[in-house]
Amino acid sequence: MTPIQNAQQIFNRQHKNLPEITVYAPGRVNIIGEHTDYNDGFVMPCAINFGTAVSGTKRDDHIWNVYAADLDETDEFSLNVEIPKSEHKWANYVRGVVKFIQERYPDFQQGANLVISGNVPLSSGLSSSAALEVAVGKFCQQLGDLPLSHTDIALNGQKAENQFVGANCGNMDQLISALGQENHLLMIDCRSLETTPTPVPQDVAVIIVNSNVPHDLVTGEYNTRRQQCEEAAKFFDVKALRDVSVEQFQKREAELTALSPLAAKRARHVVTENQRVLDAVEALKNNDLTCLGKLMEASHDSMRDDFEITVPQIDYLVELVQLVIGKSGGARMTGGGFGGCIVALAPHDKVDAVRKIIADNYEKTTGLKETFYVCTASQGVRVI
């Protein structure tokens, strides 16, 4: 059963009527451009065919009653008083989104009964949190007939995650969940918010393999990496590392390394990764999978050696995939790091061989069982 069907059926069962509003927002996978978004840089994700559905109906008071079907937990809060934090982590994503929409539209106090259901694997690096934030934001927009664009909804979700949940994420995850296009990757300029759709070549599959090494960005090293990048930007006297070219970095690399070796390594990753995204757009335009594969490999090496966010299980998965696909595609870690998933672009006729080499070796070597997905690039948030 899809998240949409599940949310609607459970709502009907609980409330004895059909929901007036159902919205759906997808998760995402980032093909290239990691930890560049909060440095005002470039990313190239696509929305995927896994996501989060929210079904609900207006109430005649100010109360939100929210049931998270997949967790079997309920949260309730009022919109006519200051919205406090919940002890349920998932509920804070919902509360944060509503709180910041209220800041923008103080008259928005419409109560609602909601059911949430999703199939984005939690803590996998595929943006279950952004899908939830964007779905709830779109639900609010429909509920209150608010003049919010999909970009507004995305940035409101980011604000909720930064300021209410406490994860200092960039804006990529929410933007792609809101703005994704079917069968396209979306190159996003995280400063101007300009998007450039790039078709996924027809003969290419988007493969995601979850290492099932759990990660938690709120308590992890994510915020430390962000501080190190800000330190490097200050050294170059720029607003963000986006403003430093590869040549400019190389000229002063030794100087920064002497001052702060870690900041230099982090900056080297971000500066070179931004260039790799721009090069990847050109490679895709030319249908040059060999070039794209090299860029993805260089991205992974940079995350492993300079940004230091991969783990041995992830590195091993990438090695296995590269053995099979050779020069006909690429593989790299995707997401915030410290576990989560790898992404690979490979010809459809290599998918079974990729699946087999991982099934034969990964669990035997690591003691963990992978989860294997073949995804399609999908449309962003929508009303059902």
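Cβ coordinates are placed from backbone N, Cα and C, and glycine is handled just like the others.
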| query | For the substrate site that Swiss-Prot gives with GLU34, HIS35, THR36, ASP37, which of TYR222, TYR316, TYR362 also belongs there? | reply | TYR222
| remark: Taking the centre of the Cβ atoms of GLU34, HIS35, THR36, ASP37, TYR222 as the substrate site, the remaining residues of that chain with Cβ inside 8 Å are GLY33, TYR38, ASN39, VAL43, GLY170, MET172, ARG225, VAL270, GLY336
| Which of these binding-site residues is closest to ARG28 (site 'Transition state stabilizer') if you go by CA atoms: THR36, SER127, GLU161? | SER127
| request: For ASP173 (active site, proton acceptor), name the DSSP secondary structure in the helix/strand/coil scheme. | output: helix
| note | Running the recorded positions SER127, SER128, GLU161, ASP173 through a 10 angstrom C-alpha radius around ASP37 (substrate binding site) leaves ASP173
| request: Express the distance between the Cα positions of THR36 (substrate binding site) and ASP173 (active site, proton acceptor) as a whole number of Å. | output: 12
| said: Can you tell me how many other Cβ atoms are located within 10 Å of the Cβ belonging to SER128 (ATP binding site)? | reply: 23
